[in-house]
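Annotation comment: Swiss-Prot describes C486, C489, C555, C558 as Zn(2+) binding site, evidence class sequence analysis. Taken from Swiss-Prot, the feature compositional bias 'Low complexity' covers 11-32. Swiss-Prot lists 96-107, 194-203 with the feature compositional bias 'Acidic residues'. For 183-192, the entry in Swiss-Prot reads compositional bias 'Basic and acidic residues'. The annotation compositional bias 'Pro residues' is assigned in Swiss-Prot to 206-215. The domain 'Lon N-terminal' annotation in Swiss-Prot covers 257-482, and the record cites sequence analysis as its basis. The domain 'CULT' annotation in Swiss-Prot covers 481-590 and is backed by sequence analysis. The region 'Disordered' annotation in Swiss-Prot covers 1-39, 63-137, 182-220.
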Amino acid sequence: MDEEETAEINAQEQEVAGSAGEAAAGPSGAEVQPNDDSVAVERVIDVFEETAEMEAAMIERFFGPSGEVAEEGTLPVPGPSADGEGSANAGGERPSEEDIVLDDGTESDGSYNRPGSDMSLDSPNSEDDSDVEAMPRWMIPQNRLRFAVDMMVSQARNQDGGIAALLNRDNFLQRVRSMVFSQERRRSRNSDEVSPEAEDDELPEHPPPPPPRPPIDIDMEEGVHFDTNLPAEHSYFGPNLNRVPGVNYQEVGSTHHMLIFLHQYILFPGEVLPFMIDGSLFDDDMSGLDGLIFAVAFPLMKPPEDSKKLYGVTCQIYEKGDNGRHLTFYKSRALQRIVINCSDIKGLPQYIARNPTNKCHSKVKILPEYFLPEPLKCIDMGSMSRFRDIPSMRDKYLRYQISSTPWPVEVCQEYAYEDIVERARKKLEVHKIDTMPKCPIQMSFWLVRNLHLTEKMMSQMFLTDSVNLRLQLIGGILKEETLFYCRYCNSSLAYCSDLFAMSKHGVQTQYCNPGGYIHETNTVYRVISHAIGYSGEPSTRFSWFPGYQWHIILCKFCAQHVGWEFKAVEPNLAPKMFYGLAGSSVRIGKAGDSATVNGNNFVVRNMLRVISEGME
């Protein structure tokens, strides 16, 4: 809508107000607004439909007539159904190679300036407090359009400019998107809890899998390769950290009384949890030089059948230091899985990342870890075991062993884990990870952290007491291609095959910012082209990776924070650039996954990507 049309609408508004002013005036002479806003709503809807027609013309340019497929195999165009809901034909073509190239890192295209964003590494605030001020240009779901417009019209009547100001096209689209996405955000946390049956009813067919992408080999980059020991040391806490000795494992099945906190992420035994907290909460409980053991529970993982129980891990502090602001830096390591009865909790538990101020204690029970060795180990003959190390004799030796047992081949293979470990090792070689533990119990947790499973699968892995079952579940997903999706709008961001280890602890590590907020970060070589925008300015302050500057990245569609871009500032440092995706803002899904967020699917997202690029 140009300036002349806006001026004409303003003149019409003034004329209508002048003619109706005397009849509608109150005792003070001020105009009394009518109760029925239907006329104004319809006028705003007309402006939106005018904008939608422009976007539909853009769709027709790329995809053919609205509602029809231009050519066989191309993406269909969604249109309103009879009941007003947006719908789309299933199917679609594979994304082009241009969609899967490396991001060129330019900041002029698709940048979002959000001063004071609380997702910076040096921000003291929580991500849940952020607000979106700018929205990308894409369609609004029809089933929530009228509700958003009703709210806008009622607000606009009490503001300067009235309805005419609402009808400015850019202002209108921005505000409607803001309202709709505020609803999307409130529902996004439950996106992974949609039942498979409901998903199948909504989308009967799966989109096609994405095409293969050219691999990236970090070893081919020139320069000095980054020392992966540095992030594991969490050196951004400063040099004033003192070692706290002592690693204590509690007896399985025993009950202990200890300090407990809550955490928004699932921690597995072996993971490092850095945090910043008031040291007075721990000083009274620390005895001598022994590290304090406390409990961390995960309220978001509470199973429906165990509504009165919390699951978590015990953690032991192994380093601490003062930051000079009445807060203490701590580094702890998760040791064992635990279960807590909610009736045993004394006090109000608080999140460890939200600057807790009160102590909360409870009884915790140490959960067991059952591991059954391979069935053939019990009949292993020492004189012939040497043949297992000869590749040409290994299969013959295995068949000989199986023939001498009462169990069928399927049973032996079901409980054999060496093949699963070998397949996992080969898959992780691509990520440059060579720190796999040898202990089966520790290895099962290590694989869960580094193979990137869905949240539902991770919860299932955590709750099982059988190491063998945990490894079997891991073996079942090794061949699946998975992606990172935006948790808010379901846009694809990056491929899990592009993960690599910037820390010796693996591809997924938790880091803490100066405000005490803990970010679960996944490091990837690259993101899908045109999937991200930028916010704010690059900075090296409090960088988790020494020698790199960080820059906040946002989802290109919904403008929500999804992570950071890291660029080398020191010469000859490799890799030159990589990305850290925030675990709280992304979810893991299969390639071509039909899982939806509020009814928007893979096909619509790829269509909107083209529209967004064209309108910019």
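Glycine is treated like the rest: Cβ placed from N, Cα and C.
Apart from C486, C489, C555, C558, the Zn(2+) site neighbourhood in this chain, defined by C-beta within 8 angstroms of the site C-beta centre, holds R487, Y488, N490, S491, K556, F557, A559, Q560, V562. Of all the Cβ atoms in the protein chains shown, 24 others lie within 10 Å of the Cβ of C489 (Zn(2+) binding site). Mapped onto DSSP helix, strand and coil, the domain 'CULT' (481-590) counts 3 helix, 61 strand, 46 coil. Across the domain 'CULT' (481-590), the model assigns an average pLDDT of 87.
In the structure as shown, the Cβ atom of C555 (Zn(2+) binding site) sits within 10 Å of 25 other Cβ atoms.
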